[in-house]
Amino acid sequence: MVDEQVAVEHGTVSHTISREEDGVVHERRVLASGERVEVFYKAPAPRPREGRASTFHDFTVPAAAAVPGPEPEPEPHPAMPIHANGGGETKTNTQDQNQNQTTRARTNAKAEERTAEMDDTMASSGGQRGAPISADLLSLSSLTGRMAAMAPSWMKSEVCGERMRFKEDVYDGEAETLAEPPRCFMLSFVFIYYCCYLAFLALLAFGFNPLFLPSFMPVGAKVLRGKGRDFGVPLSYGCPTNPFCKVYTLIPAVVINNVTYYPNNTDSLGGHGGFEAAALHVAALFESGCPNLQAVTNRNRTFNVTRASGRVERRLVQDMQRVLASAVVVMHHHCHYETYYVFDGVGPEFGTIPTPSFKDVLAFRPSLVTNCTAPLKTSVKGPNWSGAAGGMKRKQCRVDRLTDRSFPAYLEEVMYVMVQ
């Protein structure tokens, strides 16, 4: 379909022919000077109202075809001198050169006049009759349109002249509501990423750092010491400061003749040593079946050790035998304190010590009298607890022992073994 329009603007008569199938506008303009000019350009697409980017097609107009005019006349060849017959006048090429320069000046003046009139006509129409006829501008508009068409849905924009306006800046109620970029998701992802990164650094700095590994490790078999020497220095090689006084040792104290012998080699009279001899005395009486052994639990229940009949009482007696025998082995061989904790190891590959019994520890003193009323022989001396171990007080050991029920949830344990 072809639309024809005739308009008179400022003395300029324009005849416009537009084709809807391709949007090309063909204008034939008659200037005030009487000269006819033909102009071809492509009408701009209407501004989209649904929020979609405009799509442009390539359409370039050669600069020579934008404002066609009379072709410049070819420059005449230099005229050859003509000699008149009979010695007439001679015509030089100076006159021809002057004539060519005059013609060229007139042509340039007409071209400048046509260009000025075209600019005035486009300015008076407000730029609404068509897009700029420059080939460079048309190519730039086509490139801008393709870029807008390839953008994501949330970045779709409207092209307004030479400026691309994103949908975030458009406040048009009729425009399509486009999805916003997931800013909250991106921020949360970055936050979680950095938290995991910091946790990984902390794990490397502390969890896998050998300087922060626990000092306790299975020491293998017995770490023997020469007799008369001190035990290992507390806190070195994993030695606890209060040996056998922690809740997880569960080593009962031994009461003989109203004197209490504590697992840290102290007694209620303020003396040092004697716990190994007291434990061996209890082992000898138990193996002889003496009825004068009484056990006191943390629940203030008292029962006979050799005549225990209930399920709980038998379990308490077995635990009492195990821990007393283990303590005697550690003290007799001058082992490090932590050796006590590897009696129940995972296997022989770690060099663990088999859990001893009363019969095993009685082999240390085969001449021990098995009389139930025999007094305690203190000839067996414990190791020297002077120096770093001197700060271990009976009161502290008595308070710490079996008062914390958090490891593990023991129901009842033997706190004292009394020889009556």
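Quick reminder: no glycine exception, Cβ is built from N, Cα and C everywhere.
Region 'Disordered' is the annotation Swiss-Prot gives to one range among 1-21, 253-273, 379-399, and that range is 1-21. When the glycosylation sites N300, N304, N371 are compared by the number of other C-beta atoms lying within 10 angstroms of their own C-beta, N300 comes out lowest. In this structure, of the glycosylation sites N258, N264, the smallest number of CB atoms within 10 A of the CB marks N258.
On the backbone, the CA of N371 (N-linked glycosylation site) and the CA of N304 (N-linked glycosylation site) stand 18 Å apart. The distance from the Cα of N258 (N-linked glycosylation site) to the Cα of N300 (N-linked glycosylation site) comes to 18 Å. In this structure the alpha carbons, written CA, of N300 (N-linked glycosylation site) and N264 (N-linked glycosylation site) are 23 Å apart.
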